[in-house]
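Shown below is the structure under consideration.
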Amino acid sequence: MTRDPAASGPAPSEAGGVLTIDLGALVANWRLLAARAPGAECAAVVKADAYGTGIEAAVPALARAGCRTFFVAHIAEGRRARAAAPQADIYVLNGLPPGSGPAFAAERLRPVLGSAEEIAEWAAFTRAEGLDLKAALHVDTGMNRLGLAVADAVAMGERGLEGCPVGLVMTHLVSAEEPDNPLNARQIAAFAAVREAFPSLPGSLANSSGAFLGEAARHDLIRPGYALYGGNPQPGRPNPMRPVIGLEGRIVQVRWVEAGDTVGYNAQWTAQGRRRVAVTSVGYADGFPRAASSADDRAGADAIVGGARCPFAGRVSMDLIAIDVTDAPPGVGRGDPVSLLNPAITVDDVAARAGASGYEILTSLGRRYARRYLD
Ligand SMILES: *Cc1c(COP(=O)(O)O)cnc(C)c1O
């Protein structure tokens, strides 16, 4: 067990919450995804601080396991990934901001180019510098977000790259987590046409959920993010991934409330009988979603206290969550741990109770936690 030297969090004994990040599970998830894509390379998407888990810990663990290609969103993230993986190919998904060529060159970062302007700028910059640093070409097959339109990409073809160094052509799925959505087949067909226009470039289509769409979605390189961190790539079906994140808060105070008493801001939760309530030192300022609050007409998230599953009582506040521990062992009290994320209550479970996305919960993981990394 190690503490990440780059983590700026407090000591576990003083923290409101302790976040445990299981790097062994992260690596096992990467291996599982790699095994799902035989013949293809498995990259890792580590944007947004490796989905909140910490680039400085996640990237070296994945690189040691054999991951050679990483995707980030921003140049600054790319710089941190570079320090953690000196040999890797690192792509920057959000493209080439005007004039940023030198920043890419300094860290050997590869822009993901999605427009004629970006292609022209990267071509001119690399030519002027005599730099052979291959970018990726992003083609938009349906998201209407980033990338060249399919027709423009096909019209351009490989010759149209005009000396712009490109080593990968990619697109991104819109609804890969819905295997029956007809958009998947449309995007897969469109990308096949794009590949024909760039016959010498390897291709990449699948994100986490895309890796579960079968061989037509595989191509040469898969780009999972969410599933690496334990998220379920197949919602509604058993999760094949290992949980990576654990979160424990600490009981600050336990109190009894009487029938009819309310708990928390705006009196949203009313005790239906005499209840014991444990107030825990984690709140929405730690990134725990306020939408996971409970109310008289709505179940919120649960926690595990003294081995018992216990429901939230009222609103999640900034630094505290009240939990109905009436059914927990009578001895639980001040200083005892409260498990908010664990193998039985996953990020996906909290997301479902909060009406949120598990991606959002992961990437909101707070800076106030003490972080503990398991190897
Ligand atoms: C974020 C992202 C991914 C990873 O998606 P997950 O659903 O987290 O696996 C892959 N490709 C692109 C272009 C992305 O933006």
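Yeah, the Cβs are placed from backbone N, Cα and C, and that goes for glycine too.
Pulled these features from TrEMBL for this protein:
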type: ACT_SITE; residues: K47; note: active site, proton acceptor
type: MOD_RES; residues: K47; note: N6-(pyridoxal phosphate)lysine
type: BINDING; residues: R145, M318; note: substrate binding site
type: DOMAIN; residues: 244-374; note: domain 'Alanine racemase C-terminal'
type: ACT_SITE; residues: Y265; note: active site, proton acceptor
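Mind running through what each feature is packed against?
When secondary structure is read from DSSP and collapsed to three states, K47 (active site, proton acceptor) falls in the helix class. Listed in sequence order, the residues of the same chain lying 6 or more apart from K47 (active site, proton acceptor) and placing their CB within less than 8 Å of its CB are F71, V72, A73, H74, E77, L93, G225.
Under the DSSP three-state reduction, M318 (substrate binding site) is assigned to coil, being neither helix nor strand. The Cβ of M318 (substrate binding site) has G283, Y284, A285 as same-chain neighbours under 8 Å, each 6 or more residues away in sequence.
Note: the domain 'Alanine racemase C-terminal' (244-374) comprises 23 helix, 50 strand, 58 coil (DSSP; helix = H, G, I, strand = E, B).
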Sort out the sequence-distant neighbours of R145 (substrate binding site) for me: same chain, 6+ apart, CB within less than 8 Å of its CB, listed by position.
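When sequence neighbours closer than 6 are ignored, R145 (substrate binding site) has H172 within Cβ distance under 8 Å.
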